[in-house]
Amino acid sequence: APERGLFLNLSAGELCVGSFQCKSSCCQRETGLSLARCA
């Protein structure tokens, strides 16, 4: 079961921790220090 408070099915540009959260299955960091976003 997914953890409570974990967002799934996110749209492009939304903050993500892992690619499993994104509709596109692509979670990318633009730089090493920035937060990752769905692509």
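Along the chain as shown, the residues are counted starting at 1.
Using the three backbone atoms N, Cα and C, a Cβ is placed for every residue, glycine included.
According to Swiss-Prot, the features are:
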type: DISULFID; residues: CYS16-CYS27; note: disulfide bond
type: DISULFID; residues: CYS22-CYS38; note: disulfide bond
Residues near CYS27 (disulfide bond) in space but at least six apart in sequence (CB under 8 A): CYS16, VAL17, GLY18, SER19, GLN21, ALA36, ARG37, CYS38, ALA39
Cβ atoms near CYS38 (disulfide bond) (within 10 Å, other residues, all chains): 20
Number of Cβ atoms other than its own within 10 Å, given for CYS16 (disulfide bond): 21
